[in-house]
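Here TrEMBL flags 12-32, 61-82, 94-115, 121-143, 155-174, 194-215, 222-239, 245-263 as transmembrane segment.
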Amino acid sequence: MTIATRNRFFKLAIAVSALLSAAAIGIAVTALTGGRLPVEIPGVRVLSPPRGLPFSQWSPAASLIHLAAFPFFSLIWLIYIYRGFEKTQSSEMIFFAASVFAVSFEMLRIVIPLTGVDGGYLITVISRVSLFSRIFFLLSILSSGLFNSAQTAQMIGSSIFLLGFISFSLSQSIPINSMAPTSNFILLTGYPAILSLFFACIGALAILSYLILGITRATKEYFSCAGGLALLIPGYFLLILADNWLYAISGAALLNFGTWLYMDRMHRYYLWQ
């Protein structure tokens, strides 16, 4: 993939993220001002906090606002990637940009308060889109640490397509319980323990791949990138499961600081190449 082609994809992703951001604002305002938020917990709490923690009470507003913020996260960091790496041939940043873009589709979950948690087919589709985003997010980050040699530079486009196909296939094959809504506007998936283990393994392999790169290339920036991934991956999953202000703020802080650390160290690495 040439730099010009990559930059066109960056611009397209930025445009889509901007549209999703505008839609998120409209939907969030409608839900908040129209009294469309549930007054009671609509389902199970996927990640119940320990008792006594401040700001840990269930808050539908916290869920709504942090979901609306996902496309803004993608928009801001995609612009940062485009400006910081506009003239730099970096395989890592192409895959990382793809993972950042995938995050924006979590905002579709804010449609649920408008239709109700018993929205049937719609909430099932949105839950599968969210599952696709999470799988694609992790696989793209893992690929950024694996496919970063000159020999694989021309296969990036086909690799991303393959990642999308795998993510779509997995998201369609994993069962969704349409009768089990959660407190953060999504449906429970089948085999939750296996799925959580799968996510944890992919995340750990992604971090390990950058540690290995740091050792084999004797480059300290890759160790810092691994540290950034160790922050942003759990931050992302904490944020998508958040149904209170404590988890929402903590997840957003980890996700954004980890993303900044990763991209700042990657920019330093290519600055000296």
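Keep in mind that glycine also has a Cβ here, set from the backbone N, Cα and C atoms.
What you see is a predicted model, and the numbers here were worked out from it, not measured in a lab.
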Who are the chain neighbours of the transmembrane segment (245-263) in space, where the CB to CB distance is under 8 Å and they lie at least 6 residues beyond its ends?
47, 49, 53-56, 59, 62-63, 65-66, 69, 73, 77, 80-81, 84, 93, 96, 100, 224-225, 227-239
Taking contact to mean 3 or more CB pairs closer than 8 A (sequence separation of 6 or more), are the transmembrane segment (222-239) and the transmembrane segment (121-143) in contact?
yes
Given pairs 6 or more apart, does the transmembrane segment (121-143) have at least three Cβ pairs under 8 Å with the transmembrane segment (194-215)?
yes
Remote residues contacting the transmembrane segment (12-32) - C-beta distance under 8 A, at least 6 residues beyond either end
61, 64-65, 67-72, 74-75, 78-79, 82, 97, 101, 104-105, 107, 110-111, 113-114
Where else in the chain does the transmembrane segment (194-215) make close Cβ contacts, counting only residues six or more beyond its ends and a cut-off under 8 Å?
134, 138-139, 141-142, 144-146, 148, 174, 221-223, 225-226, 229-230, 233-234, 237
